[in-house]
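Chemist: Have a look at this one before I ask anything.
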Amino acid sequence: GLFVTDYFTRTPRKLSPFRSFASIELFHFHIPEDTIIAVWNLITFKEQGGTFGDQCPDRSITVYFRSGAPSVINPLHTHFPRDTAVPGSFALTLTWTLPNRTTGVFNVTSPLPGDWFLAAHLPKDEGKISVKGLYEECQYLFQPQLIVQRLVNIAVLYPGHVTEQSMAPHNRSCLYKVFVPSYTSRVLVEVLRCHGAEGCPLWLRVRAKAPPLHNSTALDCREHAPCQLALDLPFWQHWYYVLVEKHPGVPGTVSFQVTVQLTDCSRPSLARPPFPPSSASMNMPHSFGSVGGLALGDSPPPTSPNATKHPVSIPTASPASERCWPVRPTLRNELDTFSVHFYIFFGPNVSVPPDRPAVFVINLLPVLDSGGVLNLELRLNVSSLCGENATVFGCLNHEVPLTSSDNASVTCETESLAGFLLSVNATASLSHLRIPYPQTGSWYLSLRSLCATEHGFEPCTNVTAEVYLRAYLSPCINDCGIYGQCKLLRTNNYLYATCECKAGWNGWGCTDNAEAFSYGFQLLSTLLLCLSNVMFVPPVAIAVRSHCLLEAAIYIFTMFFSTFYHACDQPGIVVFCIMEYDVLQFCDFLGSLMSVWVTVIAMARLQPVIKQASAGKVLYLLGAMLLSMALQMDRHGLWNLLGPSLFALGIMAIAWTARTIRRRHCYPPTWKRWAFYLCPGALIAAAAVLLYAFVETEENYFYIHSIWHLLIAGSVGFLLPPRAKPSRRLGPLPRRKGCGYQLCVNEQEELGLVDQAVASINSICTS
């Protein structure tokens, strides 16, 4: 055949260590129909500081592949919530072949058409809290590329028509496809009039949605005459591909005919009355499926939004059976993103007759609905059983309904179909099913009531069970509980929701408490982070005693907002918020930076150097405005703390240098000030910064950050300058009588931060 090659690529993205599904990078691709092979080229490279990260350590990268919906992954092996079905996916681990770059290739032969999703992440790290901008971080970038090769002009088989084919010696196979519409119960593919050098040396392979593989349903025509391959319960509204393959080493030309027969389940059903349905037959749920009446499920299914309708029916698993059951549609009610309720007409209570199943269809829209959780709830009305030992079984299958005719073994699976089983009875009257990231399309729920006997389950004679049915789509499982937050994420134009857990809880729904924090630990950590701010009380008292009222006000501001910010920032249930979280965080960060700013400016003692009383006030106001701007730009940046601190230290150094030059003596002049105040305060502040920048992790955050509060407040108490002594002028000495001399005394010269002002006589003037 003729091949066409298509190329798709995505923008490189930075990978993160896995903590929850919110930390993965998700990539969305679309594979066209008739694709023979899909090749993913997985490119990964390191970066550090805008250059290649040759010095970065090698970290393995895990990539997940899934068709139809995102992968439901569990690399940490946590527990899923109860009644949760986990769909499978394929995982691939990439290793590094070069110092800063590696490439992996993933081939899929005859992939399923439609949406494909790739999820990638790094291994879980130790959870170190790093200061943004402190050092160049190693970044691992991942870029997937997709190359597909698809066939064009594949021969189409029409049901009931015979197609003749002659396979030349240099050809090995012929590929066909046939479209299977809705309400088809059986597909029969047959090879006729096969002539070759060794009888009929052909293999017949059939597969849904994509060209057949080596493990697809196959039949050897040399061993079976006639060469017929039958598929029961085929997928509705899909292409089926038929591959006629020649045995290896067969010479000459092989001629044959191929035909396809489809069994329509809707036609052999009972004749329906030409008159409209009566009100009694429409009275749900007990009159559902009454003989001679047209139930609502008999209404035609829409093939397209504006298409005409045909009778809806579903086959049984037995190919010999011609019975068809009505399918009841559901009404889609969209409340919000991934918040969709599927209402049943004349529901939510439905009746399950003893002699036939009750079947419902739930339609999930492509792409839009695959990022949430499909929830199903069955609740049995025990009083409707009339004392019988009956059980209602439900089978949820994708793209085709399944009702088993075998009562001995109730199952929702066949050789080609896989489904989910639910059951309710008088003992367990409630059943739940949750499917995270469900595949889109039509989901069919088939309900049957069977009575338990000594020989197994048998059809009930005179019991019509009543079941409450609820089906809905939600963003997360149980809204992630009290220890999680449901987040709505976006990758390009695709939306998906996931849980982000806290307080040590893990799992897809934040229900795994293997590493959860106890209530006592949560209370202790909250008290540590809040009460450690009481250490600011001594600096406030020192500032008030030193007449530094502005500094004292800022310390009180910092102590107040730091306390209530950490009370609101807790991951568990011991949380108390007096304002919005963002407001508390901004005020806490602003107060912390302003405390550093005003402390260093106060240490500079600018008023004796600059003969303006308002110089310090101007710097205080300027610092508040600049710090507010910096925090609004980047609240967690390194230069938000380092920049103002260095600027204030520069001002202090200039002031101290000017005073030293003017006096020709080191400032501060006393060794006691250096030994007992400045050096201990500087060491305590340096220790606090080192703990904050290099030691703090997510596990030790509670006590390391509390120690940070204590050290910072303690350093302020040491570094804050003492009360300035009032400057005094010595008036002229009284003039002596008879002697014409007068002592002239100049202004007070400040000698230190703690020394008293000394008045010196430096000249004698002649009166």
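Here, residue 1 is simply the first one shown, and the rest follow in order.
Backbone N, Cα and C define each Cβ position, glycine as well.
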Chemist: Quick one: TrEMBL says C476 makes a disulfide with which of C460, C486?
Modeler: C486
Chemist: Can you find at least 3 Cβ pairs under 8 Å between the transmembrane segment (516-536) and the transmembrane segment (701-720), where each pair is 6 or more residues apart in sequence?
Modeler: yes
Chemist: Mind giving me a neighbour count for C510 (disulfide bond)? Other Cβ atoms within 10 Å of its Cβ, every protein chain shown.
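Modeler: So the Cβ neighbour count for C510 (disulfide bond) comes to 28.
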Chemist: When a 10 Å sphere is centred on the Cβ of C486 (disulfide bond), how many other Cβ atoms does it contain?
Modeler: 21
Chemist: Taking only same-chain residues 6+ apart in sequence, whose CB is under 8 Å from that of C501 (disulfide bond), what do you get?
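Modeler: Residues satisfying the criterion: S20, C480, Y483, G484, G507, C510.
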Chemist: State the count of C-beta atoms found within 10 angstroms of the C-beta of C476 (disulfide bond), not counting that atom itself.
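Modeler: There are 23 such Cβ atoms around C476 (disulfide bond).
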